[in-house]
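J.: Not my notes, these are from Swiss-Prot:
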- 33-305: domain 'Septin-type G' (DOMAIN)
- 43-50: region 'G1 motif' (REGION)
- 100-103: region 'G3 motif' (REGION)
- Phe155: site 'Important for dimerization' (SITE)
- 181-184: region 'G4 motif' (REGION)
- 259-269: region 'Important for dimerization' (REGION)
Amino acid sequence: MSKQQAQFTNPETPGYVGFANLPNQVHRKSVRKGFEFTLMVVGESGLGKSTLINSLFLTDLYPERVVPGAADKIERTVEIEASTVEIEERGVKLRLTVVDTPGYGDAMNCVDCFKPIISYVDNQFERYLHDESGLNRRHIVDNRVHCCFYFISPFGHGLKPLDVEFMKALHNKVNIVPVIAKADTLTLRERERLKRRVLDEIEEHGIKIYQLPDAESDEDEDFKEQTRLLKASIPFTVVGSNQLIEAKGKKVRGRLYPWGVVEVENPEHNDFLKLRTMLITHMQDLQEVTQDLHYENFRSERLKKGVASKVENVEVTKDQILQEKEAELRRMQEMIARMQAQMQIQSQSGDAQHL
């Protein structure tokens, strides 16, 4: 048998076709193409959003910001800043876009502060819809927001009115993951109490947050347990730090206090590792929910509005045609009346001449 023939012999048992290798083909294609993911972070200044994002992806994506003073907050407006970075790990490329919202919740009057954020989300849907409807659909860049980390202050007793308004305004457009920031300012008991309070208020106000899918029945027990723990950890209480400090003879990222060290990646100290695990293991699901639920809802609404406007235009056109015909009929009637009047005058003048 030649080498060429040997390459096409069936290495498996008789009756094996080879469909089982399809997932490997999809995996290889996906790895070559790379992955795209857009994460939005929303919350008041001073909650450590930039630090947490840098800690999550081990990159200096965002510089540390100066927290604005009281005078600066009076007329503070919300800005939208999108930063993209290419991350490669073991041959797998991730095009990560992080959308930051500096100024959110900082002004004295925060009534409309989330409207620029909603406009940004809708604009990304609109852009994707436009590209998807175009001729060149092979190289569409997906800038839709796949996930939103919403940062909740640890210094309150639950959700603020602004938190409720924002999440209710956005929960049908984006996968919202609530995050309680600066967990190192709370005791373990205070964390659990605040978590329960936030979850109760989320349910009370009918806010839809991202629901982690249940593990399949054929998944191994470790994955099922991991899924159970991740679900039980929502909202995640996290600590972020980019500083390496020495603890128990090893270098760790954390925060040093007079009473000890808070380690960022220690699950006994905070939920940082759980949050990162959730994001990495459910990145595909977050994208699918964005595509199948949020984007489809947006697309359906746009199509309905398009059809409604066309029907309205048709009705307007019919009314215009009818009005034009009525006007033309009136003009003809007036013209006939004038002609009859002229004929009558001519007839009367002719009779007078005969007399």
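Backbone N, Cα and C define each Cβ position, glycine as well.
Worth saying up front: this structure is predicted, and the values here are computed from it rather than measured.
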J.: Between the region 'Important for dimerization' (259-269) and the region 'G1 motif' (43-50), do 3 or more CB pairs sit under 8 angstroms, pairs being 6 or more residues apart?
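T.: No, the region 'G1 motif' (43-50) does not contact the region 'Important for dimerization' (259-269).
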J.: Summarise the region 'G4 motif' (181-184) as counts of helix, strand and coil residues per DSSP.
T.: 2 helix, 0 strand, 2 coil
J.: Please list residues from the chain of Phe155 (site 'Important for dimerization') whose Cβ is under 8 angstroms from its Cβ, counting only those at least six apart in sequence.
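T.: Within the chain, Phe155 (site 'Important for dimerization') has Cβ neighbours under 8 Å at Thr185.
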J.: Please state whether DSSP places Phe155 (site 'Important for dimerization') in a helix, a strand or coil.
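T.: SS state of Phe155 (site 'Important for dimerization') = coil.
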J.: With DSSP, how much of the region 'Important for dimerization' (259-269) is helix, how much strand and how much coil, in residues?
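T.: Across the region 'Important for dimerization' (259-269), the residues distribute as 0 helix, 4 strand, 7 coil.
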